[in-house]
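K.L.:
For reference, the structure I am asking about is given below.
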Amino acid sequence: MIKICVVGAGYVGLTTSAALAEFGNEVQCVDIEQSKINMLNQGLIPIYEPGLGELIQKNVQQGKLHFSFDVKDSIKNNSIILIAVGTPPKEDGSSDLSYINNIVDTIVSTIQDYKIVITKSTVPPGTNEWIHQIFLDMGIDETMFDIVSNPEFLREGMALWDIFHPNKIVFGTKTNRPIKVLKKLYEGGRAPLIFTSLTGAEMIKYASNAFLATKISFANEIARICDAYNVEYLDVAKGLGTDSRIGRHFLNAGLGFGGSCLPKDLSSLKHSALRKNVDTKLLDAVLEVNDSQIELYLKKLNTLLPDLAGKKITVWGVTFKPNTDDLRFSPSIALINELINKGARVHTYDPIVQLQLPSTCSHTDQYESISNSDALIIATEWEQFCDSNWADVKSRMSRSIILDARNCLDGETIRKNGLVYLGVGKQ
Ligand code: UDX
């Protein structure tokens with residue numbers, strides 16, 4: 001049984017801790033936020049992630065998972081330290097590495113025996129080399145430590161599936177010394193292991209997210225062209241997706257990508273490229289298309305409601321995608337803000353989140369939220385929205401406009417119920 005300290009009880013730290021414990025390791029997950037650790041020690045989970053609570057509870061009961069706010073003590077007492085702290089975006093788009101900095105300082109100031117330091121947080125190319133250099137600069141001998149870059153590829157809402165069915169596990173190392181321990185640590189993971197340099201692993205992570213974002217912006221641009229030619233985009237996506245060189249994943253057109261990873265990682269990668277004078281025309285275009293999706297859908301709505309001032313608009317779904325409570329960089333929130341700017345009276349409903357946004361009214365009942373609404377916008381594709389009772393919807397709304405901003409509804413069914421269906425790239 002390998003003993004490991006995971007630093008950070010956020011989204012990545014918690015899911016990784018639970019999975020490593022499930023793989024048979026003994027995990028101590030630490031965080032400076034005492035209230036968070038108190039919650040976890042009372043069996044409460046600070047984030048919404050399907051199945052995570054049960055997995056944590058099981059491993060805590062089996063004595064394989066512990067929580068503590070004594071970060072320094074845990075770092076001192078464990079020879080393997082996995083860093084899973086946040087690297088939020090700075091104003092200029094680069095990554096804020098101050099949390100990483102703090103942990104590295106703690107490790108170098110307490111190190112007494114050999115340590116393997118694994119960076120799980122998403123960090124810009126060159127960061128792990130820089131961490132290695134800090135150890136050397138502090139006079140720590142190379143025999144005393146190994147730095148490993150081990151990025152995560154978890155999707156929120158699907159994190160447990162992804163962690164137990166990974167398509168790869170990536171390790172960036174400088175020497176072969178930590179490899180045996182790393183293989184043992186992820187023994188339960190059963191996925192191809194990819195070994196590369198420290199910066200190589202960092203680039204795999206950024207390139208993956210940049211490629212996924214590119215697919216989405218590509219899909220959105222194609223959907224616009226389909227819209228102009230009255231072509232059903234979903235047919236095109238299906239046709240594209242059957243080619244295994246392309247694949248159907250991440251070709252869903254809609255409001256665009258949000259969340260804590262794709263927008264931030266793209267901006268950070270762009271920043272890293274510019275620092276080395278590398279041009280990023282493609283990344284710029286991907287972000288540009290994404291940023292203009294809100295306007296595109298508002299224009300669609302304007303075809304039937306030219307003036308939004310005073311209109312009651314209901315938005316279903318406020319998170320950046322379904323099955324999460326995460327509002328970070330949510331395209332739905334950006335849309336809501338635009339609606340407010342245009343003078344609309346915005347009402348919202350979300351299956352998990354009660355949105356606390358000035359000038360909006362949040363509802364706990366899906367159907368109550370649409371009473372007397374002029375238009376209903378589906379901003380995230382929760383299954384319960386796609387399976388709505390459209391006759392009931394029709395009876396409650398004042399005007400019956402449904403704007404499908406996630407391409408997830410069956411337009412035919414909506415129309416049969418006397419509602420007006422609007423979408424981009426929908427016949
Ligand atoms: C992403 C990566 O998928 C994951 O590998 C990485 O580790 C973290 O970043 P996540 O941010 O949880 O995961 O969400 P993801 O499922 O990738 O969706 C990102 C955004 O893209 C969402 O806003 C989603 O609605 C949007 N999206 C996704 C589309 O608009 N179309 C699609 O086809 C897929």
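Every residue gets a Cβ built from N, Cα and C, even glycine.
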K.L.:
Please state which member of Arg190, Arg224, Arg328 TrEMBL lists alongside Asp31, Lys36, Thr87, Thr122, Glu156, Lys264 for binding NAD(+).
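P.N.:
TrEMBL lists Asp31, Lys36, Thr87, Thr122, Glu156, Lys264 binding NAD(+), and from Arg190, Arg224, Arg328 it also lists Arg328.
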K.L.:
Among Lys72, Lys76, Lys90, Lys321, which residue does TrEMBL name as a further substrate binder in the site formed by Phe153, Leu154, Arg155, Glu156, Lys205, Phe250, Leu251, Asn252, Ala253, Gly254, Gly258?
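P.N.:
Among Lys72, Lys76, Lys90, Lys321, only Lys321 appears alongside Phe153, Leu154, Arg155, Glu156, Lys205, Phe250, Leu251, Asn252, Ala253, Gly254, Gly258 as substrate-binding in TrEMBL.
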K.L.:
Inside 10 Å of the Cβ of Ala253 (substrate binding site), count up the other Cβ atoms and send me the figure.
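P.N.:
28, counting other Cβ atoms within 10 Å of Ala253 (substrate binding site).
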K.L.:
Please spell out the DSSP helix, strand and coil residue counts for the domain 'UDP-glucose/GDP-mannose dehydrogenase C-terminal' (314-411).
P.N.:
26 helix, 20 strand, 52 coil
K.L.:
List, in sequence order, those binding-site residues among Asp31, Lys36, Thr87, Thr122, Glu156 whose Cα sits within 10 Å of the Cα of Gly258 (substrate binding site).
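P.N.:
Cα filter at 10 Å returns nothing.
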K.L.:
Please report how many Å separate the Cα atom of Cys261 (active site, nucleophile) from that of Asp31 (NAD(+) binding site), as a whole number.
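P.N.:
Computed Cα spacing between Cys261 (active site, nucleophile) and Asp31 (NAD(+) binding site) is 21 Å.
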K.L.:
Those binding-site residues, Asp31, Lys36, Thr87: which ones have a Cβ sitting under 6 Å from ligand 1?
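P.N.:
Once distances to ligand 1 are taken from each Cβ, none falls under 6 Å.
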